[in-house]
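Listed in TrEMBL:
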ACT_SITE  54  active site, proton donor
BINDING   113  substrate binding site
DOMAIN    17-268  domain 'NADP-dependent oxidoreductase'
SITE      80  site 'Lowers pKa of active site Tyr'
Ligand code: NDP
C-alpha cells in the first residue's frame, strides 16, 4: 500500500482508507462490517473515517468495537463535528463524545463536517484548543471551497489545516479546477469521499477504458478508479465497504500505479465536469 505525507503532518498515511457512512451497525451485517474494518487495517487501510452524524454515533461505536485491542498508534482515526454543534463549547463537547464512542483518547484528525452557517472563528479556535489539549493530533475541514479555506486559514492562530475532505469521483471532478491546486499550494491533504459515486460502474460510458486498463494491471475497475483519483501526491481516497471481500478489493488499489497514457485515457473517458482546457497537472 502506497503511503504519502498527509498535508503538513509528520506521519505518512496510506492513499486508500476506509469510509463508514451508512455502515451497517446492527445484527449480522454489523459483525461483517467490523470484520471488514479490521481486515482493512490488516491490509494497511489504517485511515478510518467517521463522523458524529453517521448513524447518530452508531458508526463511531462500531469502529470502537472493531479496533479494540489494535495498537492505537498504528491507526489514523478521523471524525467530524456537525455544523449544528460547532460553537466553541459545542465543538469541545462533540469531540469528547466522539472519543468516548470510539473508545480512544485522541483523534488523528478532527474535521468540521461542512461549512453551514458556522461561526468559523469560534470553531477553529475550539479545534486549536483540542490540539493543544492533546485530544486531536490535527484539525481539518470538509466540503470547503477555496473561499471557505481562505477564511478558515485566516481564523486559525497556530495550527495548519491538515485536510479538506471533499466529493471526488469520475463523474464529479470539479475540485480539480480550484480546490486541489489551492490545497497543494497550502500543503493541505485532499481526501476524496464517495470515490465510487456510490454507484455501479458497469453500465457507464467509459467503463471499457477502465476495464482495458484494469486487465493490463491484473486489477479490477474499482481499483483503477481509486488509483486514478489518488494519482497525485497529497490526494487520498476513503471508499466505504462493509464486507471483507470489498475491503480486500479496495486495499488492492493501493498498489496500482497508472502511467501517463492510462491517466490521459481515463481523463478522456470521463470528461464530466472536469476543468476546461484539459487535464490539470496534479
Ligand atoms: P462510496 O463511493 O465509497 O461507495 C460506497 C458503496 O460502494 C457501498 O455501497 C459499498 O458497498 C460499495 N463498494 C465499496 N467497495 C466495493 C467493492 N470493492 N465492490 C463493490 N462495491 C463496493 O460512497 P460513500 O458515500 O460511502 O463515500 C465513502 C466515505 O466517504 C463515506 O463512507 C464517508 O466516510 C465519507 N463521506 C464523507 C462525506 C462528507 O461530507 N465529508 C459525505 C459522504 C461520504 P458495501 O457497503 O456493500 O461494501
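Residue 1 is the first one shown; counting continues down the chain.
Every residue, even glycine, has its Cβ placed from backbone N, Cα and C.
All TrEMBL annotations are machine predictions without curation.
All features noted in TrEMBL, drawn onto the structure.
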residue: 54; record: active site, proton donor; DSSP (3 states): helix
residue: 80; record: site 'Lowers pKa of active site Tyr'; DSSP (3 states): strand
residue: 113; record: substrate binding site; DSSP (3 states): coil
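Listed in sequence order, the residues of the same chain lying 6 or more apart from residue 80 (site 'Lowers pKa of active site Tyr') and placing their CB within less than 8 Å of its CB are 50, 51, 52, 53, 110, 111, 112, 113, 142, 165. The average pLDDT computed over the domain 'NADP-dependent oxidoreductase' (17-268) stands at 96. Long-range Cβ proximity for residue 54 (active site, proton donor), meaning a same-chain Cβ under 8 A and a gap of 6 or more residues, is found for 20, 21, 22, 23, 60.
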